[in-house]
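Annotated in TrEMBL:
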- 623-638: compositional bias 'Low complexity' (COMPBIAS)
- 680-692: compositional bias 'Gly residues' (COMPBIAS)
- 601-642: region 'Disordered' (REGION)
- 674-720: region 'Disordered' (REGION)
- 20-41: transmembrane segment (TRANSMEM)
- 48-70: transmembrane segment (TRANSMEM)
- 100-120: transmembrane segment (TRANSMEM)
- 141-161: transmembrane segment (TRANSMEM)
- 173-194: transmembrane segment (TRANSMEM)
- 370-389: transmembrane segment (TRANSMEM)
- 419-440: transmembrane segment (TRANSMEM)
- 461-488: transmembrane segment (TRANSMEM)
- 508-529: transmembrane segment (TRANSMEM)
Amino acid sequence: MTMIDSAVAASSPSPVPSEIFSLVALLAISVVVVLILRYYLPLRTTPAFLLVPVFFALWLPASMVLLVPIDLASSAMVDDDVAARGIWLEPRALRVSWRITYWLTFSLTWFILPILAEYSDSGYREPKDKLMDSLRANAQYYAIVFGSGALGLVYVLISYGHFSESLKSTVMALAYCWGLVLAIYLMGHGLVAIPRRLLRNANISGRLRRIQSQAPRVYEQMEDAEMNLEDLEMHVSELSRRKVGSAKDYQDWIEELVDMTNLPESQPRAGLLRGSGDEARARALPTVITEKYMADLTRRLVRAKHARSRYLNEWNLLLRDAVKTQAILDSAASKKLDFGAHSPHGGFWDRFCILTPHTRFLLHYHVVPSLRLALGTLLAAASVCIVWSEMVKGLLPSLSVIRYSVVHHWVGENGQVGFAGQVIAALWMVYMCAAALTSITEVKVWRGRALVRRNTAHESAFWYASQVARLSVPLSYNFMTFLGGIYRDTAFYAFLGSLINMTPLGKWFDYLFPAVILLPVLAALFGLYGKVGRVFGFGADVIDDDADGDLGASAYGTGTWREGRDLIERELNGTSAAVRGRRAEAAARIAGGRSAPILSVPRRGGPVTPFAASPNTRPLANTSARGTAAAATSSSSTEPEDENFFEALGHRFKNTIDTIDTPKWMQDIGQGIKKPKWMAGGGSDDGAGGSGSSRPPLGPGRGNSDVRRWFGGNEGRIRL
């Protein structure tokens, strides 16, 4: 028997190679997570209480992308075929891995990260006060969570009959259901947004026009953030002048706030601080300065500084993309592309250049758009497969496309997952997670949180990490349900799935609710967010909805791409209001409301020239959808579809008059009638008061009979 056992042991495969591969993969995931943290946070100055939880909140979900394919290959085996099995682990190792991963993720999502987020957002100085403020801020959140858990326990008692495992199962099932609701909504939007963005960016001229259409909104947000920060700096400056009373007890705190501000460069003006009216009274300091007021002022000041940094970063990125895209368009004529001198503060790839101007043109003008088009088409097909699999997994799992792409080896009714199937499964999971996480950055109901390169707010970092951890488990288990009955043999199902399917409500919720993915998919596909938002008065304040195909079809003066083009031109040429008079505009808005928008009326056959622009401003080249011909033409030519409303109306009225045939008897009568001076168009006295025979005949060649001059215009502009 000993020899037989030794022979069986020698013939059975060893999990050591798979364990080594898993350790190397986990090490690679750790490196990627550290690089992500380094991109959004300054590692040297960020405290450890932020880096460690956020690292694990990203590392644990990323490890699930590795753990799910290993679990499928390890649990779905029917023989000892190593080639068909792929990377596999022992059942005990899988169970321990899932328990550690799940409960650490659960603790981070529901307890550690929310408390630390409010702790970092608190304005108090002492750690104890910060912690108590964080617990008070999370009290309502935990009351809702525990109340939902109590209702779930009552339902389990009625359905299951006893409480043997009901507490743990109810907690796990409720956490899964809430995460699944959020994951399905976000993933449905992302499955449409990602392919659509790639397909649209394949058109270079269309991409530039979309960048220009975003410029007014980003510029206005940047100005609002700067005005808000300036207003808070005025508060701090006025507070620092108080040396007696209750403010004396907080002098050290006030000095710290003064050090946080930029008061020497943006000293508040006396006219603003001594203003009258409701707005001035709202800015007045309270008579008694309390600790709560100081904490609230500190919190608001920190948030305002991060908001200013966020929108300034967005504006700089928009300018960089606009310049780069414009350079790509302009290179169509010379077949050479040069982005200029590289910034010394750029990354390694920005400073490392091996391409010649011609090869760079070929790459950015032909290769990159083609790759975007191909990748967008591929991801669009993948989105259709995911939506289809969500619809049929409960009733007809055999029709799931993802099932046949992952399970390649069938032995009777049972299937096996090989190494190729594991790689494909990991790619499916990465795309599903990317679709859900990308949508988080587009939804605007998250209290102004944002990810900023090297300057992300601590509270925002905690919040985004908690969302990644919250979505990882539902997305992982939801993917496994695409594979039919194979997933019931996995360790993940034995640990979590059996508890979800313990009650009829949980079972039907897991199977039928993912079909709701059609709602966010259709909403994103047909632009329902913007339509519904405009009906209820939200506009685009809920989610970014770029489904409108014609960016120039919106109302004039509401932030069209033409206004964005002018903003970008003035910023790049040093004549922007941000460079010349942003502080003056902020003062005007604070004193009497927002300044009027700049109305640009293009010259006939010339570029758009706003009234506030400098005469030396050099406009960018025409960016209409002419393809190569548009890049080769001069910037002084304007396409007919780029006409302003007033210009188009004047041209049509003029063309109508020009095409009227004047009878000869009316010409004879008209020779004796003098033209009034108000129709002379600013000519000489002789030209204005001469007979009709001295004026040029009606036709396209006349120069002083433009209908817009009747309204006091000059050089094609209308005086309002």
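Yeah, the Cβs are placed from backbone N, Cα and C, and that goes for glycine too.
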Out of 48-70, 419-440, 461-488, which stretch touches the transmembrane segment (173-194) the most, going by CB pairs under 8 Å?
-> 419-440
Most Cβ pairs under 8 Å with the transmembrane segment (461-488), selected from 100-120, 141-161, 419-440, 508-529 = 100-120
Lying 6 or more residues past either end of the transmembrane segment (48-70) yet within Cβ distance under 8 Å of it, the residues of that chain are 18, 22, 25-26, 29-30, 32-34, 36-37, 41, 86-89, 94, 97-98, 101, 104-105, 108-109, 112-113, 116, 120, 417, 421-423, 425-426, 429-430, 433, 458, 461-462, 465-466, 468-469, 471-473, 476, 479-480, 492
